[in-house]
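Engineer: Dropping a structure here in structure tokens format, bear with me for questions.
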Amino acid sequence: MLPLSRRRGAGRARRRHRPYPLFLLSALLWAPALVAFNLDEEKPTVYSGPPGSYFGYSVDFYIPDPSTVSVLVGAPKANTTQPDIVEGGAVYYCAWPASQCRQIPFDNTNNRKIKVNGTREPIEFKTNQWFGATVKAHKEKVVACAPLYHWRTLKDSPEKDPVGTCYVAIQNFSAYAEYSPCRNSNADPEGQGFCQAGFSLDFYKNGDLIVGGPGSFYWQGQVITASVADIIANYSFKDILRKLAREKQTGVAPPSYDDNYMGYSVAAGEFTGDSEQELVAGVPRGAQNFGYVSIINSSDLTFIQNFTGEQMASYFGYTVAVSDVNNDGLDDILVGAPLFMEREFESKPKEVGQVYLYLQESAFVFRDAQILTGTEVFGRFGSAITHLGDLNQDGYNDIAIGAPFAGEDRRGKVLIYNGYSNGLNTNPSQVLKGAWASQSMPSGFGFTLRGDSDVDKNDYPDLIVGAFGAGKAVVYRARPVVTVNAQLILNPMIVNPDNKTCQLPGFQLLVACFTVRVCADFEGQSISDGIVLKGELQLDSLKQKGAVKRTLFFDYHQSHHYFSIVIERQKQLHCQDFLVYLRDETEFRDKLSPININLNYSLNESTVEDSLTMKPILNYYQKSSVTEQAYILVDCGEDNLCIPDLQLSAMPDKDQLIIGEENCVMLIINPRNDGEGAYEAELHIKIPPEADYTGVERNNKALRVLSCDYKMENETRMVVCDLGNPMVAGTNFSTGIRFSVQHFENADFSINFELQIKSSNKINPTSNLVNLHINISAVAQVQIRGVSHPPTIILPLHNWEPKEEPTKEEELGPLVEHIYELHNIGPSAINNTVLHVGWPASSREEFLLYILHIQTHGPLHCQTSSPINTMQIKVSQPLLFPTLSAFYLIFFCLHFMMGWSFLGM
């Protein structure tokens, strides 16, 4: 829960009422809305508490001695048997492996009272005190706190302050003592009145107690340390106000530190190079709301070093944890900032949360932070961080991080990060998901975490996850990790297809064969018995489904086989042999690529039957497959590596294509191999759009007949011809491939054939690229003929006189008709043809041959250099022409006009 901020006002010394520094629940909870490794998700132990009690708000392991294992669960809104106390909160003792829990009777009393003006009134207020909001165990000691416990002080005024209080239990809960370090007569905001002692809690390794009180001194906050032995020895129920002689507290700072919330989170670790641990305290609103974490000297509570957040209001320091992640003997610090917002390019910021890991290199020296960033908006990644111990027994410590509002329906997630020599792996090895959907409130799965204890004594640490919204606490046990060392041995690795020494059962057929030997052993912590592996062998595994597998199992005639490997003891090598044969060479083409033999294996978990025994699991960081390669012997020298030298030349049988002719073309092609054998050699010819493949030349004995196929490759038309498998060294021949070229609609001035030899060899797999260009030509013979009707006119005309302004066709003069005929004999069609006809339209500025109109037959269009029939003479019906194939006609209708001046000559 987040303390709610308020600004400093003018009357700082005057008591002011304000919301208490409430738990993160109040601010975080109401915000807008892998692979499994070795924490067992199938059989977790789930503890349930009373509805609405927030059971699971805090958790810890309680292992006072090797024979006693239990889980402690805080329920800060639970009701107890305390008289007149409502939702005072409780801590539950949950024995393992049983799933039942009982309340621990830390405090059975009502509110203590004093006389004020003759009336007995409460001096403390336990209703809604949130007892169990924090709980922590250290060997046989248990401390649980109520940060919202209120204290009236000894004044006459009826005011009460949330000073907070804690209870200590020892000797298997046979003795209890209260510890309220901020309960004193100076309980105003400027003092420790809003301390909320027990908001955070931890132990030094020597068993001394660390208590965080983020509300002291106008919410500057403070940390307090004390000896549990002193708390027990000096406890008296009647002695409400008391001080411990060896208690230490950080003091008040200048007003600029108000509202910083020091002590919001606490932890202990060693950072100065001596044997004494230091205190780590989160200050999530310090440094102008950027937040920081302080390392504090445990002897005098002086400040040694700070780590400051990188984003304002990210709540850097909301949670802190200490662990030696990289196992170098030096403690490292982890800091959560669950409100961190990530911005990608120009998009809106997304609240995803971050966790910072500071690796200690030497005393007071830390590396730059390794940053882990959450992936789900409003998931609150980094709300809880816990040291797990070496979860997978690889020599490095591991970390669990809670994102309590992530996932489907905000069910919550816990992410497991494994350590290594340079920090934490950036990807989680496992993600635990909450099982309880949000109803009235999210389940909060992952809001609190605790690890580094082994409940089932299998030498692997386990994890508790609290889900207070669902009233659950879940114990996940770690599974033993098995590291399998498997290998494949092929004998021989190079298979000679001619060495056919194995006879197939039931067939009179000899085949080439080889042996596949599978060997495996294993090792792992706390795995005393043997294991059984389920194995699968796949032959020629690189060949796609449906492709021909070149090798098969001798006894099963299949390319895959399932089997079991029984390994009785650790580090004892167990081997099994399988006979494999090579198919006949006529059944496949690929002789060069390696034959992949792949072994996949997994643990056979059905051999473990005891419900309390954790099934082992394969090491997440080791591949569960092994691959080896066999090769087919080819004639390529001692290294069995063929390096061809492919050469290609080609020429067409004609150098020109004429549009309109039949245009059959034969490409005469000469492929050569001047090097070693080329396997799966093929001639590839790219067909131009103008051409069609018609076949292979078969009538010329000088040309070898190839086997060719027409193919489409990525919308490209190809002719592919087999050149041999292998195309042996010294190959040199000629062949003819025929095409028909007819599609000239979009043709340019030439067409292009692209040719190349391709093989499956790794070195020098192709020949030179050949481009054949054949020119395109258009050849046409155009004839023009003309006729005049009548052929002759004799002037002057008998009994005819011209009119000065004629209006009819017969008034113009004698009619003359010219007909022109165009004929293309071919063979090519021609485009954009223009016929120019010169015409004597006038003489001496008078009309001579007056054109009435022009009529065409065929795709012709005529234009004149000047307008015709300018006198608008009405035209008689034009002639009807007969249909003439492949001929174009132009018909000129005109009159011979004789002006007066002409007649007068």
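Each Cβ is built from the backbone N, Cα and C atoms, and glycine gets one as well.
TrEMBL does not curate its annotations; it predicts them automatically.
Annotations per TrEMBL:
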- 1-36: signal peptide (SIGNAL)
- 38-103: repeat 'FG-GAP' (REPEAT)
- 117-178: repeat 'FG-GAP' (REPEAT)
- 183-235: repeat 'FG-GAP' (REPEAT)
- 302-367: repeat 'FG-GAP' (REPEAT)
- 368-426: repeat 'FG-GAP' (REPEAT)
- 430-493: repeat 'FG-GAP' (REPEAT)
- 478-634: domain 'Integrin alpha first immunoglubulin-like' (DOMAIN)
- 636-776: domain 'Integrin alpha second immunoglobulin-like' (DOMAIN)
- 782-878: domain 'Integrin alpha third immunoglobulin-like' (DOMAIN)
- 879-903: transmembrane segment (TRANSMEM)
Engineer: Do you know the mean pLDDT across the domain 'Integrin alpha third immunoglobulin-like' (782-878)?
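Structural biologist: Within the domain 'Integrin alpha third immunoglobulin-like' (782-878), the model's average pLDDT equals 76.
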Engineer: Under DSSP, the repeat 'FG-GAP' (183-235) has how many residues in helix, strand and coil?
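Structural biologist: Counting residues per DSSP class in the repeat 'FG-GAP' (183-235), I get 10 helix, 15 strand, 28 coil.
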Engineer: Just to be sure I understand, if DSSP states are collapsed into helix, strand and coil, how many residues of the repeat 'FG-GAP' (302-367) fall in each?
Structural biologist: 0 helix, 31 strand, 35 coil
Engineer: Quick one: DSSP breakdown of the repeat 'FG-GAP' (430-493) into helix, strand and coil?
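Structural biologist: Reading the DSSP string over the repeat 'FG-GAP' (430-493) gives 0 helix, 33 strand, 31 coil.
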Engineer: How many of the residues that make up the domain 'Integrin alpha third immunoglobulin-like' (782-878) does DSSP mark as helix, as strand and as coil?
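Structural biologist: Summed by class, the stretch gives 3 helix, 31 strand, 63 coil.
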